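The structure appears right after this line, and notes come after that.
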There are 2 protein chains.
Amino acid sequence: MITIRKTSEESITALTSREVESQDVTEVVAEILADVKQNGDEAIRAYTKKFDGAKLAELHVSEAEISSAIQETTPEFLAVLEQAKQNIQQFHEKQVQRGFITTDEQGTVMGQRVIPLEKVGVYVPGGTAAYPSTVLMDVLPAKIAGVSKIVMITPPNAEGKIPTAILAAAKIAGVDEIYKVGGAQGVAALAYGTESLPKVDKIVGPGNIFVATAKRMVYGLVDIDMIAGPSDVLIVADESANPRWLAADLLAQAEHDALAQAILVTTNEELAQAVQVELQAQLDALPRKEIAQHSIDNNGKLIVAKDIEEALAIANQVAPEHLELCVAEPFSLLGKVKHAGSVFLGHYTPEVLGDYFAGPNHTLPTEGTARFSSPLSVDDFIKKSSYLYYSKEALHTVANQVIDFAEMEGLSGHARSMRVRKEEL
Amino acid sequence: MITIRKTSEESITALTSREVESQDVTEVVAEILADVKQNGDEAIRAYTKKFDGAKLAELHVSEAEISSAIQETTPEFLAVLEQAKQNIQQFHEKQVQRGFITTDEQGTVMGQRVIPLEKVGVYVPGGTAAYPSTVLMDVLPAKIAGVSKIVMITPPNAEGKIPTAILAAAKIAGVDEIYKVGGAQGVAALAYGTESLPKVDKIVGPGNIFVATAKRMVYGLVDIDMIAGPSDVLIVADESANPRWLAADLLAQAEHDALAQAILVTTNEELAQAVQVELQAQLDALPRKEIAQHSIDNNGKLIVAKDIEEALAIANQVAPEHLELCVAEPFSLLGKVKHAGSVFLGHYTPEVLGDYFAGPNHTLPTEGTARFSSPLSVDDFIKKSSYLYYSKEALHTVANQVIDFAEMEGLSGHARSMRVRKEEL
């Protein structure tokens, strides 16, 4: 049974430490990247055979495969996907940035344009579970941004097939091209381009340690969204919270991954005890019990804080991916939250609502990176470009100041670029 | 003398290839990072002695040092710094993003907050030239974003001193703390924290290959702005352009760095010939001739395109850091520019205007990364955090759809988090 720990007995740092993955796969990934860069499709096919067990003649998913996937999906689930799409679109449309312009009477014009990225690659993990929600969450903001070409990659199963739900979600989201390739080799294909796959400008989407390492290594040649780590939730709860609901929310997080982290911070010790009992009871009923048990045993925490201020201090220290405020007056605490990917307010907003359906993105900063990172958004699929125009008169006005600055920095060639114009004015 | 090349004789890819730095300093940098992580200030002092020749008792720059730097700076130059500050502030204030909220009648509230980063580290390069402009360009957007603590680091000279212009600019920009440390050890100090230096959330600013490699290696633990490479300019010019001015602008870029790249693309072969002659004449007059000559010889290009459309296609292929449109009607081409850090419009807007003074940021995406990266901006110093609230009624309305989605993704614990609430509704 998971221990209840108190801030009166331990430091916040000790309370919030977590098990981390330390596997270094850099060498393996570097080799795969180099191989794909040099050998293209041939290398992709070899790795797909080796890692996924699939012998593929064609990497590109055909229109026929997509159509039959749609036909194999139930109308009910297609309707859920369509509703989720609508909700996600509505939320993300609010994120659209506009350019700006400034002008003055001397004849200067300056500003910033907002330009969509041209080509984006979306990685969708394979493996035991299929996550169509990831397809919607990663593709729809790119569509709203105006990306011209969205290329999705995902590993096939041993029969060379992609789950129908993934293909259906890709079709609904508006993916332009889909390829059967995963792992570091998939990231390499998108970063360098191959005979079949186009080189893209940015790669987004979650993946295992091989995918994450490959993304880190190609960062700079292409952009990436973030290095995703295991998922986490922190729940701040007061005496108004329902322990059964809290335990269910903690376990929903824990079932993702043995390295996932689920933390409860409460001001009420009795609530912590009730959650402790519920956790054990509900764990036994979970199909993914083994994973959830490992996560709870290693990274699960029940913490009793002395007051709500301290509970929020712990939350800000952890900078959780998901923060639930299961308290009577959740909006009163929102302004105290400094670092969290997404905040779920009140008793009727379990984190699960954000995973599929509500509208905000579920791709969120993990492992404390909410200190400096943001949820995936339309902003991830645009770039900005500034522009300047000076009239002859405006240039004349500032010429001496710019020349002084350039000379002070020791760059006479810079000063000269102003002087040659000034001479002829 | 630099060759004139024509699109009729070579492919755009061949025309735009460039010399790149391939030095791998990963091992050296990894060792420095590990040493600073473990030994803190002691390691910093040892590296500062080794690399900068300075034996420092105190890493922190005192108020007295800053005051005397201000006194040693001429009033004229302080006035130029103040004017530059005002221009940069006015431009960057337009970049401030606001949060948003969406509500509906069922009782859902969702939105996105914009939160400043707490602590930011700014790297200012040392070496032969002092760049106070970098201080203004990197610090002012952070101030506007609302960053609580801005920590500047820069390597000292052998006497343990920082150039007065750098300290004056730091004071004017509003830096909170300054430390005498550079190189990979400086990046490590900001990423891990030491006895003297605070750990920050993000590290920005240009630096040499050691600094860039260190930034790449700590990325994820902290955020970084970008991996800066050598600077570049591409000028698109028509027959209305002045060859003397174009040559001066190309050389202003070339004097930065032997690896810098300066390209002219023109529709007019006579103009190219005139620039070719001017380049040689002006090179001889440059104090930094040796650097500029190397850059021009290796990466300088004079390209004759068949028409303005093709000239823009070359510009978009290169995705230059700086793009000058030295043509009669520059605004008519702006919409054709897909990839450029900053665009300088017309004959009286040399790139140099953007380096110090006009307002837009001079920290721009290099080496073609303008395909997916943006100028440094206020956006680099904020993060976004989403929030969701569902009322009991709103939860009830969507419960079944969310449960279906969760079960379809094979996550029963997720479905359960909804069910336990639905049961009790």
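For all residues, glycine too, the Cβ spot is worked out from N, Cα and C.
Just so you know, TrEMBL annotations are computer predictions that nobody has curated.
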Among B:ASP104, B:ASP138, B:ASP176, B:ASP355, which residue does TrEMBL name as a further substrate binder in the site formed by B:SER231, B:GLN253, B:HIS256, B:HIS322, B:GLU409, B:HIS414?
-> B:ASP355
For the binding-site residues B:GLN185, B:SER231, B:GLN253, the one whose C-beta sees the most other C-beta atoms within 10 angstroms = B:GLN253
Largest pairwise Cα distance, Å, within the listed NAD(+) binders B:TYR123, B:GLN185, B:ASN208?
-> 13
Given the binding-site residues B:HIS256, B:HIS322, B:HIS414, the candidate whose Cβ has the fewest other Cβ atoms within 10 Å is B:HIS256
In Å, rounded, how far does the Cα of B:GLU321 (active site, proton acceptor) sit from the Cα of B:SER231 (substrate binding site)?
-> 7
Which residue, out of the recorded positions B:GLU321, B:ASP355, B:GLU409, shows the minimum number of other Cβ atoms inside 10 Å of its Cβ in this structure?
-> B:GLU409
Binding-site residues, contacting chain A; criterion Cβ under 8 Å; candidates B:ASN208, B:ASP355, B:GLU409 | B:ASP355, B:GLU409
Cα separation, B:HIS256 (substrate binding site) to B:GLN185 (NAD(+) binding site) (Å, whole number) | 24
